[in-house]
Amino acid sequence: MVLLMVGADGETGIHDAIFGYLIGLTAALASFAAGEHAATAIFRWRNGEGISREMEVLLGNAAVSLVINSDLADFDRRFLADVANPEDLEPVQAFLTPAVVDYLRFWRSSTDADRWVVGGANVVQNELKKVETAILVDHLALSDDLSLFVAEQGWDLRSLKQYAIARAKRLRDPTTADAEEGARDLLRPSPKYQGRHGHGHLGGPALLLFLAYGLLVYGTISARGLTLFRLAYLSSLFAPAGASLRWLLSRYNGALSGSRRWFFLGTFAANVLAAAISLLAYGLELRQGREEEEEVGTVLLLSAVKVGLAGCLSTVSTFVAEIDGLLAQPVRWRAYLYAALSLGTAGALGTAVYYILLYL
């Protein structure tokens, strides 16, 4: 697209570039819609009615983002998100007693306004998940900063703590030992959470990462003369950095205050930065040339940065999903503004970087 905008021999193809952007975005949205319908059908086929209920609630509120804390026990997660059929939770509520469940209900009431947020997950939602995981799963005291944040939000932390204490007492009570096992299962922490936070969980992944990088470095060295393979190996070395940076930037989605909270600042920054890095690498690649062996190595490295770092930093799938969610809102102009700003800023910045490198 940038090459079309810059043009050759004084002739610009900016109209073709804009048309290409529109065609590409339309095709991506159509593919997303088709994939969403296919995934929904498969999910309903493979899962029971209770789990499918969560998905139906989320799909029915595509314009907003709901906190679904997968680390919590099934009952806590579904009750707080208010996405379960009432009859599915009745055995657990009977086991806990209405007085205990009321504590959790008071907590839910105090956090409802922050649980559903227009414009995707944001800082408030992330902190909410931290609080619930610490109290209900890890049974830990909150840090001073997190406690201050809870107080500023006006959340009923006292009720959440009382629920956690009362629930633990009910589970330890010998008179409830014969309670329905299904009710107890719904109160156990997520197995996924236990697996992620078990003892010694860092050693294995760290070793695998070290081995993977070692193999990639070896592949890069041994594939001398095989440019395509060397590019693949080198790009893989840069890929984790790009993906990690995108993950860090995603925390800023919804970080703007007030009426601008809907804007996906993190995704916007990731895509614009990726465009700038990609065009910077491509411009330097063209300036470097391909005549001598040293220059071939430099060009290969720049290509790897473009494919691995910029490629994993940018995200089309998330960008399209966000536009689809904004289109589901009553205020549809936000979707068009977000798409125009993202494509326009990335294209303008990329064109400026490319033009400066090649022509100035």
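Please read every residue number as a count from 1 along the shown chain.
Cβ coordinates come from backbone N, Cα and C, glycine included.
Automatic prediction, not curation, is the source of TrEMBL annotations.
Here is what TrEMBL records for this protein:
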type     : residues : note
TRANSMEM : 20-43    : transmembrane segment
TRANSMEM : 202-221  : transmembrane segment
TRANSMEM : 227-249  : transmembrane segment
TRANSMEM : 261-284  : transmembrane segment
TRANSMEM : 296-323  : transmembrane segment
TRANSMEM : 335-357  : transmembrane segment
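For the transmembrane segment (227-249), the list of distant contacts is 213, 216-217, 219-220, 266-267, 269-270, 273-274, 300-301, 303-305, 307-315: same-chain residues at least six beyond its ends, Cβ to Cβ under 8 Å. Proximity of the transmembrane segment (20-43) to the transmembrane segment (296-323) is established through 3 or more Cβ-Cβ distances under 8 Å for residue pairs spaced 6 or more apart.
Count of Cβ pairs under 8 Å against the transmembrane segment (296-323): among 202-221, 261-284, 335-357, the largest is for 261-284. Residues 229-230, 233-234, 236-237 of the same chain lie 6+ residues outside the transmembrane segment (202-221) yet bring a C-beta within less than 8 angstroms of a C-beta in it.
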